[in-house]
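Input: a single structure, listed below in structure tokens.
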Amino acid sequence: MQRFIKWLAVITSLDLLIVLLGGALVTKTGSGQGCGKSWPLCNGEFVPSNLSMETIIELSHRLTSGSAGILVTLLCILSWKYYKHVRETKTLAILSFVFLVAQALMGAAAVVWGQMPAVLAIHFGISLISFASVILLTCLIFEIDQKFDARSLIMDKKMKFHIYGVTIYCYLVVYTGALVRHERASLACPDFPLCSKNRPMPTQLHEWVQMGHRLAAMLIFVWILYAMILAIRHYKQQPVVYWGWIISFILVTLQAIVGILVVFTNASLAMALLHSLFISCLFAVLCYLVMLGTRSKVNAKEAASTSKQTK
């Protein structure tokens with residue numbers, strides 16, 4: 001059974017990633033109304049008779065979201081039953097399921113009542129939490145923490161501050177990026193790093209949205225760089241923290257490069273999807289570090305208790 005659960009966890013994680021990228025594809029191609037204002041049917045039909053490209057993209061996104069719902073539900077039930085001895089399992093199972101349901105409801109609401117940019121940005125943010133929760137659940141199922149000796153990990157307050165702070169801030173940056181996409185402001189500023197050669201400062205709403213996202217992205221790049229330097233200096237003996245921050249920096253660097261290429265490739269579809277891919281992976285890695293941070297206090301108490309008993 002455990003072998004089956006591991007395969008299920010991997011497939012579910014990949015399915016949710018496809019859902020995230022599919023949502024970005026729907027937005028990029030303007031396929032949000034590919035099935036009209038009909039939900040769960042498509043243009044009022046179970047199998048639409050007229051299949052335009054927009055309809056195929058939107059319908060595919062709905063089907064992958066539906067399959068993700070089934071897989072996440074099954075994974076939550078089985079992990080709850082067979083991995084309940086791991087402290088975070090129940091919490092992650094609940095988060096995975098609740099946020100997936102919320103994601104589906106937000107998606108349905110966007111179809112039926114109109115696609116407001118702010119609502120669509122929230123839709124992506126909710127999807128990201130569900131994806132990260134399933135990734136963490138998968139890590140627990142594969143016992144990644146045991147392989148890196150993470151169960152005895154103890155962090156200082158400074159490192160935990162950076163982990164929690166960067167993760168929360170990353171989530172806010174995600175919303176600014178989603179707002180750029182849904183406000184169709186990706187090309188509002190045709191130059192980089194300034195908005196335009198002729199107008200270095202933004203003058204209209206779409207330009208402010210774009211430049212605000214760039215500023216937020218620059219700050220998270222610097223913050224992760226600083227946290228990585230701390231990890232390299234002080235956590236070489238804790239590989240999960242050491243490599244966690246190095247991987248985070250690699251991902252945020254790739255994210256920044258792709259973000260710049262979005263501007264210079266006229267917002268090509270490939271760059272837009274890679275932009276969504278890298279931020280999803282970065283957020284999942286940061287959430288794993290958060291989970292380790294929550295364990296650190298418990299580990300410190302257990303270490304202190306063991307030390308007293310030894311004396």
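Each position is counted from 1, following the chain as shown.
Cβ coordinates are placed from backbone N, Cα and C, and glycine is handled just like the others.
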Can ARG3 and HIS234 be said to be on one side of the membrane, going by the domain names in Swiss-Prot?
-> yes
From the candidates CYS170, CYS195, select the one that Swiss-Prot records as forming a disulfide bond with CYS189.
-> CYS195
Same-chain residue ranges lying at least 6 outside the transmembrane segment (272-292) that approach it to Cβ under 8 Å | 17, 20-21, 24-25, 28, 88, 128, 131-133, 135-136, 139, 145, 150, 153, 155, 163-164, 166-167, 170-171, 173-174, 177, 181, 186, 240-241, 244-245, 247-248, 251-252, 254-255, 258-259, 262
List which of the recorded positions GLU58, HIS61, HIS213 have their Cα within 10 Å of the Cα of CYS42 (disulfide bond), in sequence order.
-> GLU58
Tell me, by DSSP, whether CYS42 (disulfide bond) is helix, strand or coil?
-> strand
Same-chain residues at least 6 beyond the ends of the transmembrane segment (244-264) with a Cβ under 8 Å from one of its Cβ atoms are 166, 186-187, 189-192, 214, 217, 220-221, 224-225, 227-228, 230-232, 235, 271-272, 274-275, 278-279, 281-282, 285-286, 288-289, 292
Excluding the flanking five residues on each side, which residues at least 6 beyond the ends of the topological domain 'Extracellular' (181-211) place their CB within less than 8 Å of a CB in that stretch?
-> 24, 27-28, 115, 117-118, 120-121, 260, 262-264, 266-267, 272
Tally of helix, strand and coil residues over the topological domain 'Cytoplasmic' (233-243) according to DSSP?
-> 7 helix, 0 strand, 4 coil
